[in-house]
Amino acid sequence: MKSKTLNSENTVFYRKLLSLVLPIAFQQFMLAAVSASDALMLGFVNQDSLSAVSLAGQITFVFNLFMGGLTMGTSILAAQYYGKNDMNSIEKIFAYVTKVSFLISSAFFLISFFAPEMLMRIFTQEPQLIAGGVVYLRLVAVSYIFTGISQIYLCILKNTGFAVKSMVIGSTSVIINIFFNAALIFGLYLFPEMGIAGAALATSISKFIELIWAFAESLRKKHARLHLRLCFSANKQLVKDYWRYSLPMLGDYLVWGVGFTMYSVIMGHLGNDAVAANSIANIVKNLIVSFCTGLANGGGIIVGNELGMGNLQQAKKYGGILWKMAVISGIISGLLLVAISPLIIHVTVLSPQATDYLKWMLLFCACYMIAKSINMMTIAGVFPAGGDSKFGLICDTVTMWAFAVPAGFLAAFYFQLPVVIVFLIINLDEVVKVPAAILHYKKYGWLKNITREETILVIE
């Protein structure tokens, strides 16, 4: 009888996990597909266009770090309050975070539109790359405002039982982006041939459509809604809780992301071939790791729901299952990357030197997929679900800024090691942090219910 009960519980868990993981993973894959389509299409224009947009895209990458920190903080609270069936508190969180996101998005819009050349000079001194990046940033700037608001809408949908709807909206936006990419880059279907400018304009159009759709979806019955009055009157206790868990997550995203951007700075000063190969390798890696991302996010939501309901032992059990699944997912992802590497090398239009770089970079990425998957499940999934958001900040600060970034600079500019060795060194940070992540997981400090009683959540 006990065995049947356990099997029934496991069946419910796996069914719920798949209902979250598959749409989230698919959405992540589609988001990565935008970068892939940019790279593939601009690669057919010329290698300079590919490299310029790759470097300009680092500004979008940093912007997405802020969005990642805000949405992770939102997910931490929304998942637990949804487990508690407290939509009132979720709508208060929704309104407050949307206001914060709009302010951050506006700042990125202003600097990208009015000072794009200054931003490009951070990454390269090559005039043709700077010129292409300036064109891209000016046209993509407005998309930051659209994205900043729509991502909060999609985050709330994902954490309140509408993960599939969130996937449909996000993925459709990606398909629209890819269509306009082709039409505007190459001048198809009576559209003008715009090259780099077309890629940027396609992004802005698709993000505007995504925002309108997400807003319309939130107006439906049983959905959390954005109330403008709540944007201007926040609950002090909820705001305090939000920043308590969000600031470490935001700090972690920035520490990790700015460190990752420094990798691009290093590669950007090693020549156009290094930039192009690094760009393709990162795009392929992001496509392959999509399932690991979905597993971490979906698993985090389930653990957060259980913790919000006070089921600590059940959450602990689920965490153990998820950890094992992360290892398996990492192995499969690495093998898949090895299998498709010859195809990637065949379809990309790169110089012989860049192609040789890419071959080794893809192999290195495949080897560290297990480490990447474990770290995502623990540091970005299970730990934040229980409000344990400080560990990731500490871990990434040490591994990236005390090891990978300085080691990368020394390897590239002092010892002047080969490009592929520099790439290997700056990607060892994921491997270095695995032992710390496993030890921290086994302490179970993340096993906490962080919700408050609804009666004390009074708007002031």
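The backbone N, Cα and C atoms fix where each Cβ goes, and this holds for glycine too.
Among the features that TrEMBL reports, transmembrane segment is placed at 60-81, 93-115, 135-156, 168-190, 253-271, 283-304, 325-349, 361-386, 398-426.
For the transmembrane segment (398-426), same-chain residues at least 6 beyond its ends with a Cβ under 8 Å from one of its own Cβ atoms are 255-256, 259-260, 262-263, 266-267, 269-271, 273-274, 277-278, 281, 357, 360-361, 364, 432-433. By the count of Cβ pairs under 8 Å, the stretch nearest in packing to the transmembrane segment (283-304) among 60-81, 93-115, 135-156, 253-271, 325-349 is 325-349. Only residues 6 or more beyond the boundaries of the transmembrane segment (361-386), in the same chain, are considered here, and those with a CB under 8 A from a CB of the stretch are 72, 75-76, 79-80, 245, 249, 252, 277-278, 280-281, 284-285, 288-289, 292-293, 295-297, 299-301, 303-304, 307, 315, 319, 322-323, 325-327, 329-331, 333-335, 337-338, 341, 344-345, 392, 395-396, 420, 423-424, 427-428, 430-431, 433-434, 437-438, 440-441, 445-448, 450. Below 8 angstroms of C-beta separation, residues 87, 89-90, 93-94, 97, 100-101, 104-105, 108, 140, 144, 147-148, 151-152, 155-156, 158-160, 238, 241-243, 245-247, 249-254, 256-258, 260-261, 297, 300-301, 304-305, 307-308, 380, 384-385, 387, 389, 449-451 of the same chain, each at least six residues beyond the ends of the transmembrane segment (60-81), sit close to that stretch.
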